Amino acid sequence: MNNSTPDLVTPQKSNSSNGSDSNGSKVMNSPAGKRDIEAEDLGHEKEHSDVPQLNNSKASYISVCLSCFMVAFGGFIFGWDTGTISGFVNMQDFLQRFGSINSEGNYYLSKVRTGLIVSIFNIGCAIGGIVLAKLSDVYGRRRGLVIVTVIYVVGIIIQIASIDKWYQYFIGRIISGLGVGGITVMSPMLISEVSPKEMRGAMVSCYQLMVTLGIFLGYCTNYGTKTYTNSVQWRVPLGLCFAWAIFMICGMSFVPESPRFLVEVGKLDEARRSLASTNKVSVDSSFVQHELDLIEASVEETKAAGSASWSELVTGKPAMLKRTLMGIMIQSLQQLTGDNYFFYYGTTVFQAVGMQDSFQTSIVFGVVNFACTGLSLYTVDKFGRRNCLLWGCIGMICCYVVYASVGVTRLWPEGSGHSDISSSGAGNCMIVFACFYIFCFATTWAPIAYVLISETFPLRVKSKAMSVATASNWIWGFLISFFTPFITGAIHFSYGYVFMGCMVFAYFYVFFFVNETKGLTLEEVNDMYAEGVLAWKSSRWVPADRRQQDYNADELMHDDAPFYKRMFGSN
């Protein structure tokens, strides 16, 4: 057991009789002994009610929610880029400036150049996430976010100043990607460290909600500027990035700094104020003192071990290799859910039912995506991380079976060589299941991948572990975005079966390797891993200071049940 809670009463079931047990039995036989035990029990109850519990209503956390939304606005910046670039590559002025001319005299972007312009952003993000995440440990989460936002603005300036050299725009995409990569690590990190544990899942999910809002408004802006015949088509949406960056930078002045970072740099009074502010209690509250003691113990333990190295992501304790691999796998599998497959093929399917404008189809999917992500603010803390991921896999597998099968066998009755002859009935069916897929993805894997990595790693290696995990997301995003046009050109809708297989794997991976972290402080999550709790029993784990006498910790570390009983039992 990790020693980050040294001063707390930890009533815990013992699996063997000892002297204290027998002495306690003897005391219980006398009236005086009974009074002593009753007084001791009342003392435990008082400690549990005064220290770790709060009676605040969720309405009292409005200011905290607003602060988290300001931090989560970093997701809007990323979403805006995603939503606008997908339209830029179809705009005539953009094609004339950065494309080539075919034999018929029409401007176009080759698949390779399109893939590079769109996807290189992901490579920049992967590098930025790893390299720039260190800023949050040196300058703090808030200042770190301001710095990476400025780097993002530099990239936007290079892009918007591009005249007719596609490689200049390409370089600007890389630099802006560096900034967004840093934002992607620091935003969920700061939110997870300042939000109350009861609302942490919903607050971190706000990051993904802002991503979808940015995508949707980016689509709408493209739709509004597409009728222009000059660079207004793409320079206006790109220029609005300055407004979003200014809002992000100004918003940081209203957000409390991470109490964990403040304790780490010795600013205990500021850390106390930050905890009091985020939990809506007085600075002198026993709850604040309790939380501060836990954080101090964790920080002292970290400092005693010296500075963290990258190798600790593999060799560190407790269970850092398992946690590092879990972060990488969850972020990779979020991309391998194949959401880009639906968005890429959305235009093709909508054309089958008579909607020819690709900008309109983007808006339809954007609305569904944003609305469904809003629901995740409820589901993530209501049903827990594991349940949402598992049921999300099941829902998306069902969608792939129908969507891909109908696309392969029914959408083009005369075969893929005659795509101009399509079945509107098959198209309508596919649109319904595409929207259902977006619902399953947006309420589960889209936000929870960020929630999990923001609350899984200890403070000592948190920035490093989160940067590696998000880098895997960006790398897979690059690979899928770049190669999807080539793959779909070869196997068409059968591509969906590939992602369906990934979701089958994801279900088993989540069941056996992903622990439930709902309702736990970041220090308690570390303690759970230290105890070696099995993933499918982790939802029943209770922190040491809240355990009852009949709690059996050993039961959660072993399971002799057959494979099928584990799968269909409680998780």
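We count from 1, first residue shown onward.
Glycine residues also receive a Cβ, built from the backbone N, Cα and C atoms like all the rest.
Features reported for this protein in TrEMBL:
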COMPBIAS  1-13  compositional bias 'Polar residues'
COMPBIAS  14-25  compositional bias 'Low complexity'
DOMAIN    67-518  domain 'Major facilitator superfamily (MFS) profile'
REGION    1-38  region 'Disordered'
TRANSMEM  59-80  transmembrane segment
TRANSMEM  114-133  transmembrane segment
TRANSMEM  145-163  transmembrane segment
TRANSMEM  169-191  transmembrane segment
TRANSMEM  203-224  transmembrane segment
TRANSMEM  236-255  transmembrane segment
TRANSMEM  388-411  transmembrane segment
TRANSMEM  431-453  transmembrane segment
TRANSMEM  465-487  transmembrane segment
TRANSMEM  493-514  transmembrane segment
Within the same chain, the residues 6 or more beyond the ends of the transmembrane segment (493-514) and with Cβ under 8 Å of it are 322, 325-326, 329-330, 333, 336-338, 341, 345, 385-386, 389-390, 393-394, 396-397, 400-401, 403-404, 407-408, 411, 452, 484, 487, 535-536, 567, 571
Given 145-163, 236-255, 388-411, 465-487, the one sharing the most C-beta pairs under 8 Å with the transmembrane segment (431-453) is 388-411
Practice problem: Could you tell me whether the transmembrane segment (114-133) and the transmembrane segment (236-255) have 3+ CB pairs under 8 A, leaving out pairs under 6 positions apart? | Solution: no
Contact set of the transmembrane segment (465-487) with the rest of its chain, CB cutoff 8 A exclusive, min separation 6+ beyond the ends, reads 111, 114-116, 118-120, 122-123, 125-127, 129-130, 133, 181, 184-185, 188-189, 313, 320, 323-324, 327-328, 330-332, 334-336, 338, 340-341, 344, 449, 453-454, 456-457, 495
Long-range CB partners for the transmembrane segment (169-191) (under 8 A, at least six residues beyond its ends), listed in sequence order, are 68, 71-72, 74-75, 77-78, 81, 98, 116-117, 120-133, 135-136, 141-142, 144-145, 147-160, 162, 200, 203-204, 206-207, 255, 258, 450-451, 453-454, 462-463, 466-467, 470-471, 474
Same-chain residues at least 6 beyond the ends of the transmembrane segment (203-224) with a Cβ under 8 Å from one of its Cβ atoms are 64-65, 68-69, 71-84, 86-88, 91, 187-188, 191-192, 195, 236-237, 240, 244, 359-360, 362-363, 366-367, 369-370, 373-374, 376-377, 380, 442, 446-448, 450-451, 454-455
Taking every residue in the domain 'Major facilitator superfamily (MFS) profile' (67-518), the average pLDDT works out to 87
